[in-house]
Amino acid sequence: MKRIGILTSGGDCSGMNATIRSATRTALARGVQVVGFRKGYAGLLKGDFIEMTTREVAGILHRGGTFLQSARSEEFRTVLGREKAVRHLQDYGVEGLIVIGGDGSLNGALALHKMGVPVIGVPASIDNDIAFTDMALGVDTALNNIIYAVDCIKDTASSHDRAFVIEVMGRNSGYLASMSAIATGAEYAIIPEVEYDVADLCNQLRRRYEEGRSNAIIILAEGAGRAQNIADNIKDAIGFETRVTVLGHYQRGGAPSVFDRLLGSRFGNAAVEQLLAGEMGKMVGLCCGEICSTLLETVVVSEKTTLDELHELSKILGI
Ligand SMILES: Nc1ncnc2c1ncn2[C@@H]1O[C@H](COP(=O)(O)OP(=O)(O)OP(=O)(O)O)[C@@H](O)[C@H]1O
Ligand SMILES: O=P(O)(O)OC[C@H]1O[C@](O)(CO)[C@@H](O)[C@@H]1O
Ligand SMILES: [Mg+2]
């Protein structure tokens, strides 16, 4: 393999730059040219790419986001779009592709693989909803961002005897909500995967209130309900003064944590080594501390299994 491509796709996250840098430098050290497509699959379809050099990836390791930029592409979801993508890769002499992104992006990578493109996926999404890796890139940094914000809010909640509903990201995934609830000592986490009962929530808060706890933190995953409705329910049931805070895209940015810098550096290196070893249609991952590799076909039909247990723990500890 003489020339490979890299792209970042879907929601950006901290650690993507570490992966790009590591993959580029690993490939160049092995005498392989690297092109970087801008804005994910959209850049591949537009022919928007840059030749990557060692200098090009200098000074990005400590920065959040992705210097190649990211996007969601409707055109790439179509067969015609993907045929154009394959043609472009052939035209530019790109013999293998590294796709850094979330579950959707990895589905796209699998579709390319089925069309004969040697592809390796790198799991990168703060949602941490990708199976066969303990952690996706960006999750650790996002959790650190969240706990910093929640700790700040706890200070003001206790000063004013208020209940806060804090909305974190996760359209379909409750990972950030459950983990940040455990890590901040929040009273309750509401996640899309587990049906929640507003009466149960209010009973728990009322009991705590009667025991003398005059403030509360409820962490809500964005896909699991409307924060203001939940705050209104709590106010009506208990008389708590309530406030809502939506953390939004603040969670996704910022300098990557040590964990994400190391994970991105390991993933980028492993992705190139796999491509050069003739592996394809696979995703690199982190399994019990070691780099592992799983067929994309298996990854995209599998669900992460650890969340139920951790959500239960958040319930036990929130009592
Ligand atoms: N089933 C699919 N087939 C082909 N391409 C897909 C598929 N699903 C998603 N893609 C492509 O991948 C892009 C990114 O997917 P998506 O918006 O689901 O984000 P993601 O990679 O899951 O990241 P995140 O969830 O962290 O934001 C889509 O815009 C689309 O171009
Ligand atoms: O506003 P955007 O970029 O579409 O991203 C929002 C979505 O992306 C994610 O943050 C994952 O990156 C989801 O949890 C969220 O719903
Ligand atoms: Mg996704």
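Yeah, the Cβs are placed from backbone N, Cα and C, and that goes for glycine too.
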- prompt: In TrEMBL, the residues Arg72, Ser73, Gly102, Asp103, Gly104, Ser105 are said to bind ATP. Which of Gly5, Gly11, Gly170, Gly174 is said to bind at that same site?
  reply: Gly11
- prompt: Which residue of Lys2, Lys39, Lys46, Lys154 does TrEMBL report at the same ADP site as Arg21, Ser22, Ala23, Thr24, Arg25, Gly185, Ala186, Glu187?
  reply: Lys154
- line: As a whole number of Å, the Cα atom of Ser105 (ATP binding site) is distant from the Cα atom of Arg243 (substrate binding site) by 36
Cα proximity to Asp103 (ATP binding site), best match among binding-site residues Gly185, Glu187, Arg243, Tyr250: Tyr250
Task: Would you kindly give the Cα-Cα distance separating Gly104 (ATP binding site) and Asp127 (substrate binding site), rounded to the nearest Å?
output: 12
Task: Measure from the CA atom of Gly11 (ATP binding site) to the CA atom of Arg252 (substrate binding site) and give the result in Å, rounded to a whole number.
output: 8
Statement: Cβ density check for Arg171 (substrate binding site), other Cβ within 10 Å (all protein chains) comes to 12
Task: Of Asp103, Gly104, Ser105, Glu187, Arg243, the binding-site residues listed, which put a C-beta under 6 Å from ligand 2? Please answer none if none do.
output: none
- request: Quick one: of the binding-site residues Arg21, Arg25, Met169, Glu187, which has its CA closest to the CA of Gly11 (ATP binding site)?
  value: Met169
